[in-house]
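These notes concern the structure reproduced below.
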C-alpha cells in the first residue's frame, strides 16, 4: 500500500499534461480509509480529477457529496454556495457577500458585515459611495442610497464634487450623470455654472450680444473673441497677464492694439524694485500734507513749518508757506477777487438801473404835460 501511495503522489505532483501510464490495480476503499482504485492507462489530468469523483458518500438532502478525504486523511466537505457543512449535513446559511456561520445548534448567526458593507434583508451587501460620502444605505427596494458631504452629490452611485458657482442654490447629477444647477433668481445654468441672464444687448459689455443658447429660454451675453464673463466684462488677455501685473502692483490696461500693465492713479513705477509705489506717503512731508502733482508731489506745510518738505521750523507768529505750498494762496486770491468783483459789479448795475429809472420818470412827466 505504501508503494501505491508513492506512485499516486508522484502522479498528482506532476504539472505536465503528458500521458502517464499507471499499473493496473483493483481495490476499493475500506474501513481504514486506504485508497485502492482501478485505473487503466489514464493521464495525469484525469487522475487529478479522480479525487472529487471518489467522494460519493451522500450528505443530506441537498445532493452534495462528502466523505473523508483519502488523499489528506482528513474530513472533507463539499456544500454548494450559500450552504454550510454541519454534523455531516449541508445547512443553508446566506450572509450575502460576508462569511456565514452557524452556532453550536446549527442556527445561523447574525451576519457580521465589513465596514464597506450594509445589511439588507439579513444579507451583507457592498455599500460604497466614495471618499466624499457621509453615509451609504439601502432603501426598501434594495437600491443603494448615498448621503454626500457638502460640495458633493450622488453621481451614478458615487459622491462626486458638484459646484455651479456662487450664484447657485444647489447642484446635483441626473440619472445620466449630467450636472444640473439650481440657480438663484435672475441666474441660469450655462456651461455647468450659474450666470446672470441678460434682458437686452445694452447690458453686454465690449460688443457682446444678448441672445439664447441651444434653444434655451434663458438669455446670455454672447461675447466677442477675447472677452468672457457673464456680461463680457473679463478681458481674456488681461486675465492672462494678471499674475504679471499683480507682481508689479499694477493693473492691466488696454487700447486698440495692445495690453499693458500700468500703475494706479497716485502711483509711479520704481525701476529699482520693479513695482508701483505710492507717490505720497507719510514720510514725504515731515510736518505737512502731501499732494500728488503729475508724477511728483508738493508739500502743504502746517503753520510754523516751511521748506520743500516742511522740515524747516519758522516764526510761529506768522504764517509761512513753502515754495511748494502756493495752492491755498492762489485759491484764496481767486476767491477774494471774485467776491470783490461781484460786489463792484452789483453796485454798478444798481447805479445804472437807478439812472435809467429817473430818466424814464422824467420822460413820462414831459409826455403827461403835453
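Numbers run from 1 along the shown chain.
A Cβ is built for glycine as well, from the same backbone N, Cα and C atoms used for every other residue.
Listed in TrEMBL:
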SIGNAL    1-17  signal peptide
DOMAIN    195-233  domain 'EGF-like'
DISULFID  204-221  disulfide bond
DISULFID  223-232  disulfide bond
DOMAIN    281-311  domain 'EGF-like'
DISULFID  301-310  disulfide bond
TRANSMEM  327-349  transmembrane segment
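Cα separation, residue 301 (disulfide bond) to residue 232 (disulfide bond), rounded: 47 Å. For the pair residue 232 (disulfide bond) and residue 310 (disulfide bond), the Cα-Cα distance reads 49 Å. For the domain 'EGF-like' (281-311), the DSSP counts in helix, strand and coil order read 0 helix, 14 strand, 17 coil. Taken through DSSP, the domain 'EGF-like' (195-233) splits into 3 helix, 12 strand, 24 coil. Same-chain residues lying 6 or more positions outside the domain 'EGF-like' (195-233) and placing a CB less than 8 Å from one of its CB atoms are 165, 167, 186-189, 239. Rounded to a whole number, the distance between the Cα atoms of residue 204 (disulfide bond) and residue 223 (disulfide bond) is 8 Å. Sequence-distant contacts of residue 204 (disulfide bond), defined as residues of its own chain at least six apart whose C-beta falls under 8 angstroms from its C-beta, comprise 198, 210, 221, 222, 223, 231, 232. Of the disulfide-bonded residues 221, 232, 221 has the largest number of other Cβ atoms within 10 Å of its own Cβ.
Confidence annotation: the domain 'EGF-like' (195-233) carries a mean pLDDT of 89 in the model.
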